[in-house]
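Visitor: Taken from TrEMBL, the feature transmembrane segment applies to B:6-25, B:32-53, B:73-92, B:104-121, B:157-178, B:198-222, B:267-289, B:296-315, B:327-351, B:363-383, B:403-427, B:448-468. The domain 'NADH:quinone oxidoreductase/Mrp antiporter transmembrane' annotation in TrEMBL covers B:122-415.
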Amino acid sequence: MEIAYVAVIILFCLGMYTIITKKNLIKIVIGITIVESSLILLLMLVGYKPGGTAPILDKRYEIVVDPITQALALTTIVIGGSVTAVMLAMVIKLHKRYRTLNIDEIRKLRG
Amino acid sequence: MELAVWVIILPLLTAFSLGISKLYFKKIFFKLVIGSAILYLYLLILVITTSYPPKVYSIGQWGLLGINLMVDPLSALFLLIIALLFLPFIIFSMKYTKCIKHDYFIFSYLMVAGISGMVLTTDLFNLYVFMEVSSLSSCALSLYKKTDRGIEGTFKYLIMSTFGSFFILLATILTYYLTGTLNMAEISLAFEDTPFTIKSTIMAFFVFGYAIKIGLLPMHAWLPDAYEDSPIPYNVLSSGLVMKSAVYALIRGLYIMFGIDFLDESGLLTIVVFWGVITFITAHCLAFQQSNLNRLLAYSTIAQIAYIMIGLFVGTEAGLIAGSFHILNHAIMKGTLFFVVGIFNYSLAAVEIEDIKGLGYKFPILSFTFVVGSLAIVGLPPFNGFMSKWLIVEAALEAGFTYAAFFILVGTFLSLTYYLKVIVTLYTKNEKPLLIEEAGLSLKLPTIFLGSLCIVFGIVPSLPLHLITKIPTFLLDNGDYIRILIGG
Amino acid sequence: MITPGILYLTGALLLFLPFQDKIKYIISFLIATGALIVTFYLIPGDRMQMEFFTLTLTPFSVDSISKLTGLIFAFGGLATVIYMIKICSPAKLRLIFVFIGSALTVVFSGDLFTLYVFWELMTISSSFLIIMTIDLTKKTGYYYFLMHVAGSLSLLWGIFLQYSATGSLSLHAIEAGVPFFLMAIAVKLAFVGFHTWMPWVYSKAPFYVAVVLSIYTTKVGVYVMARVVSGIHILAYAGLISALFGIVMALRQNEVRKLLSYSIITQVGYMIIGISIGTAAGISGAIFHLVNHILYKTVLFMAVGFVIYTTGKDDFKNLGIIRRKLPLTSIATLVAFMGISGVPFFNGYMSKTIIKDALHEPILKLGLDLMSFGTSLMFLKFIYYAFFNKSNINFAKKPPFSMQIGMGFLTVMMLLIGIHPYLLENLTNIHVDIHYFDIKHVVSGFQPFLWSIAVFISFKKFLVKSYVNLPYFDIYRKMAKIFVTTGYKLSNYHDGNLNKYLLWATNALLILLLLLMF
């Protein structure tokens, strides 16, 4: 259990580091997905109970994991997917316009 | 019960049916857009009038487990802003967007659905989802012109906004982990015996996440970038609604879940007031440097929202009233200004301050509207901005934030410097012949409507204050809110 | 209740309606006359109260001081409206109406909120008047607006301090935030150091705008000062310094209207001294001086207006046309000159005598004599160019008759007050126990005037010449420069680097966490 939380923290920090320091647009988007997966992992962990099964309400199963977090995780995945899709679409457009993926060269907006 | 639900469903439904009609029934597309907007306006008015005393609507038969919607005066204020801005926005956009308009309207309906969801829901995760809906569609709208700068600005906006969303999501998950529920009322009850440090960490994540979307000082840089080359009617909704919805979510979350006592105890009130002061002084300094009208107005938005934050976070009843009033007023004033700039942009592709030189004599009524809007936003009497600023300063003084009150007046002076620059340019004679595409009535009407509201709310402030004065009841004493929510 | 201020403001709204120009002129004339009549029949003690969101306001209350001020404001309004009815376009007339209306409302306001709102409205309308009319440079309007808004914000802050200290907004001598009130008033009445807007604006603006501005802007400041901060003795010396500064600067000017504006600073010095004495006699002297000053200064501005209208420029040389071609203006100018120099049997003498009588400190008395001397000295320069200097300037345009009527009104009023000083006292029931025409007063009234003539004749060649402009130093511009450079540096940090923006955000998060957790 604890090790999973450590994994969440590591993933989160790794993703943040990627977003903040990397210059490549694709890498920034990758960083964002990493952070997002870490959060989904956290959601799963929050609802997890040792030995629990899928949240099916039936008398045969005594321990079930929290169904709400599962629903939330699904929603988060959907949102994350759409955000990533929009971002990638924009990266393609930016690459077409600016002929580069380096964020340092995409700097027409100043002031 | 159905009415409040329809506030969210109607724009969603319209967005989808617009998508279908774009594919199969192109002829009825614009009729659908307008018709739905008018229907929506009617619906909003119905909901706003029944907002006091607050009502809770449970969706499905789940009770507190499921999603609950609640209309209280604060939500009603935001619905009122939607009501005031949305129809003018639609009418203006009909003419303004010259090429493909279909996607534009679909996204704007989606955005409004997201915002109305945000202001009605009482569920923390639901809030997050609706916020993502509105910010994604807002990105799509800001991208609409598909110019280099537009795409670049939107990309930065999206990255920053997602960055903020992560922290909001993180805070939401942690809250759920600690309390086992997502209903704000139950969270508030469960939070009572949570250790101070954990609570304040969660609060810090919330504040930080929303602060990015609000554009407080070091996180403000995306905002002018996103505004610079986006369709101007979108800017009206963005500064009037999208950013305000983040403010809404923040104060709703903080005041209901954590409670005013905790905010005071943890020092957040002091921090945010100080933060707001720094933000608006810096934003005013930066706005003076801008030569692009959109950027100038964007920086001014940052500053105005900082005023709102100060009002909302002095932590008294008067402060909440003042801040909420300024939310409404800022939406109106900024709407007026952006609409006028939009018409200038439409008529002669003006983007820089230099481009509008001499237009004061060409468009007398519109320029007058611009002058009214800018004087209102500067905070000079007898316009509405003055009334809310008066209230904010009074509240800040009352709560002991004398420095904030003083700097608000300094900020008023600084904001005059750049708005006056624009006005003076507007009334400078220009010898150059101008190529003007005549602006139709559908562009002028929304502009003049909002402009006249600036004067009306300035002279008769009791009109909106009638609604606004009820807001603090359900925020300062979160017990009332919780009782209503749990009881319903 | 119909108040004169509201009458003017409705007039401004009426002028928005699409009437013909002729009807608009008739409307504006009727409104100005109506306001004068309404003001005349106001009874001291009238009040009006209303509720305005959380405040209880008294937007209208009359006492003898405000009635007198209102009367002269309405009278000046009528005269100026007649004066410029032919020259001025309806759009500008609207702004002028808003300006006059708000000035009158300020005078009759009974609480600080109304006072502030209409004070600011005066600023706004007059600034737009300047911005819309000056074609050469808009900087003047920009500067004027910023300066006055800075002043009125200072007033607002003072009001807030007073409100939070006492919990009441009623207009009487204030208790808290005096420095802020003083600063606001100083900007409005062009106290030395805060005066920089005045010579600039009054010499750049079209002459009819300058006429209107000169009537109301500074005088409202004086009126409000009499209301809220009367009786601070030290200010009398400040007023003296301001007045002497005005004299020195006025003697150095090459433009007529700059001379006139610096002379306003001097005249306002009298009123400051009168108000700062604090006694009833002092304050009523100051207000009487305000009345007289409006009369003669407006006539002088109007006379210069004639010169500008007929010859196109306001050089000293062009003043010669007054003697050559404008007989009525010559009379008016002479009467105004006598008035402003405080010669007995002309109107300025009356109020100057009251103020002098109310004074007890010898330094101030001496200063007052010096001020009278300086004033008549600087206007001798004016008179010299108008009547004794040979010039061959000719008409470019003939002035319309309406201008002359407007000026004539004021001149007749001046003569009346000069010959029968009790007129003003009887009109408003403010009685000052002074025998104006006994030997002592008359002699002391004549003295500075005669001295100044002697000095002028003997030092003519130093006084009548064109001066080199002083090196221009303006502290407000320096402050503006700091603001601009700071903004420029800040704006350079926003170089579009996304990583940087994200780094800022992360730092903000860390700071926030640190602050909130501990």
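A Cβ is built for glycine as well, from the same backbone N, Cα and C atoms used for every other residue.
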Visitor: Please check if the transmembrane segment (B:403-427) comes into contact with the transmembrane segment (B:198-222), where contact means 3 or more CB pairs closer than 8 Å and the residues in each pair are separated by 6 or more positions.
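Guide: Contact criterion not met.
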Visitor: Would the transmembrane segment (B:73-92) count as touching the transmembrane segment (B:448-468), i.e. at least 3 C-beta pairs under 8 angstroms with sequence separation of 6+?
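Guide: Contact confirmed: at least 3 Cβ pairs fall under 8 Å.
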Visitor: In the same chain, who gets a Cβ under 8 Å from the transmembrane segment (B:157-178) while lying at least 6 residues past its ends?
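Guide: Same-chain residues near the transmembrane segment (B:157-178) but 6 or more away: 124-125, 128, 131-132, 135, 139, 142, 187, 190-191, 194, 198, 201-203, 205-206, 208-213, 219, 221-223, 225-226, 257.
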Visitor: Using a Cβ-Cβ cut-off of under 8 Å, list the residues of the same chain that are 6+ residues beyond the ends of the transmembrane segment (B:6-25) and lie near it.
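Guide: The answer is 32-33, 36, 39-40, 43-44, 47, 69, 79, 102, 105-107, 109-110, 112-113, 116-117, 120.
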Visitor: Take the transmembrane segment (B:267-289) and find every residue of the same chain, 6 or more past its ends, with a Cβ under 8 Å from one of its Cβ atoms.
Guide: 203, 207, 216-217, 220, 254, 295-296, 299-300, 302-304, 306-307, 309-310, 313-315, 396, 401, 403-404, 407-408, 410-411, 414-415, 417-418, 421
Visitor: Six or more residues out from either end of the transmembrane segment (B:327-351), which same-chain residues have a Cβ under 8 Å from its Cβ atoms?
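Guide: For the transmembrane segment (B:327-351), the nonlocal Cβ contacts are 77-78, 80-81, 84-85, 88, 92, 95-96, 232-233, 235-236, 239-241, 244, 247, 292-294, 297, 300-301, 304-305, 307-308, 359, 363, 366-367, 369-370, 372-374, 376-377, 383-385, 387-388, 434-439, 443-444, 446-447, 450-451, 453-454, 457, 464, 468.
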